[in-house]
Amino acid sequence: MAFRKKSTKNPPVLSHEFILQNHADLVACVGMFFVLGLMFEGTAEASIVFITLQHSVPFPAAAERATESKFLYYYGIKDLATVFFYMLVAIIIHATIQEYVLDKINRRMQFPKAKQSKFNESGQFSVFYLVSCIWGTFILISENCLSDPTLLWRAHPHNMMTFQMKFFYISQLAYWFHAFPELYFQRIKKQDIPRQLVYIGLHLFHIAGAYLLYLNHLGLVLLMMHYFVELLSHMCDLCYFSDEKYQKEFSLWAIVFILGRLVTLIVSVVTVGFHLAGGQNRNPDALGGNVNVLAAKIAVLSSSCTIQAYITWNLFNVQLQRWMEEDTTLQAPVVKKKRTKGRSSRKGTENGVATSNRVDSPHKRKEKSS
């Protein structure tokens with residue numbers, strides 16, 4: 001199953017161009033090895049580590065139904081294998097969206113090359129943020145986080161996760177890890193790579209931090225607020241690419257952006273404050289999952305405040321660049337018009353003088369002849 005159109009000239013096998021054109025097919029073949037491994041008894045045990053969630057323990061569902069139990073999960077070293085497999089899945093989905101959706105829109109809209117990369121980036125992130133927001137909201141509702149906000153700092157047991165919570169974090173880590181090879185597959189320019197690396201690294205750092213510190217509910221709420229603002233940002237960019245008259249919507253998004261940053265800071269401070277104050281009687285055990293220590297809470301708060309300040313600073317820089325671009329585009333036609341007007345007036349006077357000389361010359365000849 002081809003995910004990219006092959007060119008008329010077939011490049012050499014395993015060459016640079018061959019890998020770029022067929023990377024989705026190659027990754028799909030690697031993923032199929034793990035799936036086919038489930039069919040054989042000797043390899044099934046190893047394949048399950050890559051495909052299914054690991055580190056599960058049975059937990060009684062309720063006191064009156066002690067015989068029935070459900071599985072809760074904690075993290076472990078085997079999660080790296082699961083993240084790797086779903087990273088391959090993310091690369092395949094990325095290539096599918098690129099060819100069957102974004103490339104067709106690019107051909108229809110006929111964007112210049114400068115806009116194509118930005119359009120592809122906004123399109124990919126819009127799909128990811130939309131799916132993540134819907135999925136994360138469903139988890140928050142199913143685990144009663146919206147009706148009972150105390151779950152943000154009080155989870156029982158504190159070092160366990162439900163299946164959907166762990167699968168969400170595994171998928172998030174897999175997506176952001178897949179962004180590293182996509183820098184090569186999508187032929188990102190060298191000057192844009194540092195910005196992309198910082199953007200990817202910040203997401204991985206905070207998602208992995210919430211996952212490893214068992215701040216699952218807090219991390220999920222903060223991610224949903226962040227993803228919602230980023231979704232609006234990329235949707236505005238897509239509208240701007242389709243028609244430049246939608247550039248005025250950027251001011252509305254800036255207000256939502258600032259409000260999202262403020263709400264994120266408030267939720268972080270309140271959650272960490274209540275968690276720290278309410279857990280002083282418990283014995284902290286970082287290895288056991290109870291990270292209710294002052295150093296960990298200060299690290300969480302400082303990290304949250306730093307990332308919000310960094311993102312806000314980037315917003316101001318982007319806004320300043322757009323204002324400068326608007327000023328240059330508005331001033332350029334005026335200067336050009338003035339220059340053309342001056343040239344036309346000069347040509348008009350020169351033509352007038354020339355025509356007057358041509359008209360007067362016959363009269364002067366008659367006078368001379370007379």
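Every residue, even glycine, has its Cβ placed from backbone N, Cα and C.
No curator has checked TrEMBL annotations; they are predicted automatically.
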Feature transmembrane segment in TrEMBL, mapped to one of the ranges 28-46, 123-141, 218-236:
123-141
Spatial neighbours of the transmembrane segment (83-102) not adjacent in sequence (6+ beyond its ends, CB under 8 Å) are 3-5, 23-24, 27-28, 30-31, 34, 50-51, 119-120, 123-124, 127, 170-171, 173-175, 177-178, 181-182, 185-186
Against which stretches of its own chain does the transmembrane segment (252-274) lie, if we need a Cβ under 8 Å and a gap of at least six residues from its ends?
150, 152-153, 218, 221-222, 225-226, 228-229, 232-233, 236, 297, 300-301, 304-305, 308, 311-312, 315, 319
Looking only at the domain 'TLC' (117-326), what is the mean pLDDT?
81
Apart from its near flanks, which chain residues at least 6 from the ends of the transmembrane segment (167-185) lie with a Cβ under 8 angstroms of it?
20, 23, 53, 79, 82-91, 94-95, 128, 132, 135-136, 139, 161, 193, 196-197, 200, 203-204, 207-208, 210-211, 216, 219-220, 223
